[in-house]
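K.L.:
One structure, pasted below without further comment.
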Amino acid sequence: MSDITEKTAEQLENLQINDDQQPAQSASAPSTSASESEASSVSKVENNNASLYVGELDPNITEALLYDVFSPLGPISSIRVCRDAVTKASLGYAYVNYTDYEAGKKAIQELNYAEINGRPCRIMWSERDPAIRKKGSGNIFIKNLHPAIDNKALHETFSTFGEVLSCKVALDENGNSRGFGFVHFKEESDAKDAIEAVNGMLMNGLEVYVAMHVPKKDRISKLEEAKANFTNIYVKNIDVETTDEEFEQLFSQYGEIVSAALEKDAEGKPKGFGFVNFVDHNAAAKAVEELNGKEFKSQALYVGRAQKKYERAEELKKQYEQYRLEKLAKFQGVNLFIKNLDDSIDDEKLKEEFAPYGTITSARVMRDQEGNSKGFGFVCFSSPEEATKAMTEKNQQIVAGKPLYVAIAQRKDVRRSQLAQQIQARNQIRFQQQQQQQAAAAAAGMPGQYMPQMFYGVMAPRGFPGPNPGMNGPMGAGIPKNGMVPPPQQFAGRPNGPMYQGMPPQNQFPRHQQQHYIQQQKQRQALGEQLYKKVSAKIDDENAAGKITGMILDLPPQQVIQLLDNDEQFEQQFQEALAAYENFKKEQEAQA
């Protein structure tokens, strides 16, 4: 940091000297122009923008909490925490709208990077025009940052060069620095000054690289251009006895060489690969075409375009993904998933059970680290017809005293996606179901019955704080905030309670259907209470606990009872539901 400070001070001194040497008249002209520009800019902001963007927020932050933080600095017209449209979970940012520009400016000065709920927030002016938001003329990119440098430290470093609109260090999923960041200056000239002063300097002992930010589409375009006109090639499978002279001579026949080098270890021994840089692209392309696969000193050479590390990683990732998809396609429809296995069932017994239905290529019971059965496994047949026959006949069949669950095995991501879609569909029809429940309760003569808050797909157990996806939005007409359906004696304006516009029954059910319905609800409520206790003991997030309970409770009651009695089966189902819930949240955040 001291190196940067010294250079910055030196730069400022040089600027002052240059200003003193200029004639007074020429100095005054740009000053007037600058002041007019600044006044125009400020006037524009004052007239059009008293709204702040507040980012990096803790998921539990509410509008009320933000009001307590921001209201002391000036009158606020509105606050909105941006939330997922389905789950109502916070997206981690909000908008605070002041009634005047000065209050917003003061908030940025005093609260930017201040901790809210233990997490430093990031504040900047909200820009409604997408064209201006995407304009990157004053945006710079910094890499090789020390892990200790955060948003505030980066802002303090670069604010000496001019007004900073926003500043951000990229973080991974665990909140750790990824070693690079961005600083957006109001003026492009300030960005250029910062690049000139800081690029190559030391920050916390690390030499940083600073340059103008290049949009992704431009980077990809330049990369494709570089690929098409490469001059640097990579060579491997080189005999370790090969000398530098032999290596250069092998490639010099194709054109003029800028450099040719064999990579060596600390002891000076060749590593078996090297690089050759040609002057002309055509020479490099010809060398790749003629020498790739050719034997040199009894070894087949690999010769190809030299790639950057991230390119190689991306290529390997694509190869792995292609291999994975090919493997999945190969086993599509032939691999069965079997659960509710007795602990006595091992691989051989599992294979024996399914052998009558066709040729089995593999059968495996999944086990934990201690070798104990997890209660589920997989059987792979040689054809989809055999697998379908086995699934049809073995599903719900009693084996070792337990009914088997047999289904076609699905990939985790497919299962999670299906669960997420089911959650969305249930959520959309939940309000209609709630109305029907209220109508049935009213028809059954149950005045003042408490309608519990809803889980993702079901009613929450009584006495537990299950989340209600609609609580953060406006209440429906005639629905009291406390979730109670008031008793009939309160509808007539009696003084013993507040008046509500009641919701009349929409359907009249026969008495025996009402009793059956009520019995079902009692059973679901009892199971929900027990499930919620087990789920909430494994996860601290009440919102997630409620939704996971709802997903599990959507299973048939008999299966839910089995889960409550069997901890291993419960653990498996819990992990699947948790993974589906997390995947659903990520998908919604990506769409937003």
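Every residue gets a Cβ built from N, Cα and C, even glycine.
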K.L.:
Out of 1-43, 345-387, let me know the one Swiss-Prot marks region 'Disordered'.
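P.N.:
My reading of Swiss-Prot: the region 'Disordered' range is 1-43.
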K.L.:
Do the domain 'RRM 4' (334-411) and the domain 'RRM 3' (231-308) share at least 3 Cβ pairs under 8 Å, sequence separation 6 or more?
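P.N.:
Taking Cβ pairs at least 6 residues apart, the domain 'RRM 3' (231-308) and the domain 'RRM 4' (334-411) are not in contact, as fewer than 3 fall under 8 Å.
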K.L.:
When secondary structure is assigned with DSSP, how many helix, strand and coil residues does the domain 'RRM 3' (231-308) contain?
P.N.:
20 helix, 30 strand, 28 coil
K.L.:
Summarise the domain 'RRM 4' (334-411) by DSSP state, stating how many residues are helix, strand and coil.
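P.N.:
With helix first, then strand, then coil, the domain 'RRM 4' (334-411) has 22 helix, 30 strand, 26 coil.
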